[in-house]
Amino acid sequence: MLTLSLILIPLIAGVVSLITKNNSAKLLALAGATIELVLAIVIFTQFQPNASQQFGFSYPWIKSAGIIFAGSIDGISLLLVMLTAFLTPLIILSTFRQPYKNAATFYALILFMQSALMGVFTATDAFLFYLFFEAALIPVYFLAAVWGGENRIKVTFKFFVYTIFGSLFMLVAMVYLYYQTTGTQGHTSEISAFYKLALDAQKQGWIFWAFFIAFAIKMPVFPFHTWQPDTYTESPTPATMLLAGIMLKMGVYGVIRFILPIVPLGLQTWGTTAIVLSVIGIVYGSIIAIQQRDMKRLIAYSSFAHVGLMSAGVFSQTLSGVQGALIQMLAHGINVVGLFFIVEIIFSRTKTRNIDQLGGITQRTPNLTVYFVILMLGSVALPLTNGFVGEFLLLRGVYESNIWLGAIAGTTIILGAVYMLRLFQKSMFGNKTSFTEHFADLSFSERAVLIPLVVMVFWMGLYPNSFLKLTEPAVSNLLQMIHY
């Protein structure tokens, strides 16, 4: 029931928020998200790494077809459940200084998205996974389309069509796999049943691409990324935080949960191709990030580069690569949400995101400067920060798979430092401009958002084993399913 509660609490809180007065909506949303976080912490403390599926629920859904409403948590989903529960209240809190029209609807959509994300990360039925995978798209679409920038309609339409198109391929693959299952009760859509199928290489090949297209668009991976920069830039910052901090992880998670154990022969044929595309994205995204002037767009491209490394690590099919991806998803979510929030803080005071129009901010904002530096160093994977552990494991995994691709992927260390240091230097140092002349330091609510993020930067960097030990047994068991 604990896992089911993770889905129901934000859903119920969202419905209540929707029918309350706008003035009360943000407090109610924060309360619901905080209760969700407390429940997630209970699950985290009670989780047993060596056990398989835990805290599960299962109810008949379409009984005659063998489709169930079922979910649970294992070492692969645990960190993503924690990430979703941890970031959502901070994202809600980050909006407290910014009034939004139709606030009740705005906060309800955030909670609905949290509910759908929890469903994605806990579903053990393939069609239930697909339902939540698509449902997560709807709230963020309306958040961007209603509260986004000037070009929001065009951008959100492209985003919606792109992701729906990709998901159709996944649905076709799921239906095919469903009809390949047999048992005393007929066909079943339990994901674990798909793991037991022994399909030939040709069938696994097209199933690989059906899943890959869906997940590559969601992450995104080169060349399926064209929706991402504009969507991140035009969306309101809370929606961008949800997209970059949590939602893109659905794609990486999908690869781990579906592609690795279901189509090992497809991986044997096409896995290196997927790594090549991911590595191209790392280099391409980093080079484009260096050229950006808009702070939000720069971080969007940096996120694209980071997820390329996660994808490459997963497709390396190594313990280091897959475990590194899980750790890096947690670290990246923390860092990117913090960086987008700092961009929003700067924009709220200066009304510009152009780094050429900024400068001299450090002279008036010692607190903001410290938080910015810490999150930036986490993003560039400085040792003893959260980004280092995951990036090291990812590069090791890719290197074990292919030494040359590992070497190219390693350029992310240099290129990442270039664009992040450039962002910090041009926006924070130098002479004050007309935009930054009257820049105020952080408020209490802004510090309340940034402090937990910074704590996590150092916790993961100094004590990585507190997270690694939770994922290693599940990842090892998953990789044992891959037989060529």
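Backbone N, Cα and C define each Cβ position, glycine as well.
All TrEMBL annotations are machine predictions without curation.
Per TrEMBL, the features are:
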type	residues	note
TRANSMEM	27-44	transmembrane segment
TRANSMEM	79-96	transmembrane segment
DOMAIN	123-412	domain 'NADH:quinone oxidoreductase/Mrp antiporter transmembrane'
TRANSMEM	127-147	transmembrane segment
TRANSMEM	159-179	transmembrane segment
TRANSMEM	206-227	transmembrane segment
TRANSMEM	239-260	transmembrane segment
TRANSMEM	272-291	transmembrane segment
TRANSMEM	298-319	transmembrane segment
TRANSMEM	325-347	transmembrane segment
TRANSMEM	368-389	transmembrane segment
TRANSMEM	401-424	transmembrane segment
TRANSMEM	444-463	transmembrane segment
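Among 27-44, 127-147, 325-347, 444-463, 127-147 has the largest number of CB pairs under 8 A with the transmembrane segment (159-179). With a threshold of 8 Å between CB atoms, the same-chain residues lying at least 6 positions outside the transmembrane segment (401-424) that come near it are 271-272, 275-276, 278-279, 282-283, 286-287, 289-290, 292, 295, 298-299, 301-302, 305-306, 309, 312, 315-318, 321, 355, 372-373, 376, 379-381, 391, 394-395. Taking Cβ pairs closer than 8 Å, the transmembrane segment (368-389) reaches residues 302, 306, 324, 327-328, 330-332, 334-336, 338-339, 342, 345, 361-362, 413, 416-417, 420-421, 423-424, 428, 441-442, 450, 453-454, 456-462, 464, 468 in its own chain, all 6 or more past its ends.
Taking every listed stretch (79-96, 239-260, 272-291, 298-319, 444-463) in turn, the largest tally of C-beta pairs under 8 A with the transmembrane segment (206-227) is reached by 239-260. Below 8 angstroms of C-beta separation, residues 76, 79-80, 82-83, 86-87, 90-91, 94, 98, 237, 240-241, 244-246, 249, 252-253, 256, 295-296, 299, 302-303, 306-307, 309-311, 313-314, 353, 358, 361, 368, 371-372, 375-376, 378-379, 386-387, 389-391, 393-394, 427, 442, 446, 449-450, 453-454, 456-457, 460, 464, 467-468, 471, 475 of the same chain, each at least six residues beyond the ends of the transmembrane segment (325-347), sit close to that stretch. Residues 216, 219-222, 225, 228-229, 232-233, 240, 244, 248, 251-252, 255-256, 260, 267, 271-272, 274-275, 277-286, 288-289, 292, 325, 328-329, 332, 336, 339-340, 343, 355, 379, 391, 393-398, 400-402, 405, 409, 412, 415-416, 419-420, 423, 472, 475-476, 479, 482 of the same chain lie 6 or more positions beyond the ends of the transmembrane segment (298-319) yet place their CB under 8 Å from a CB of it.
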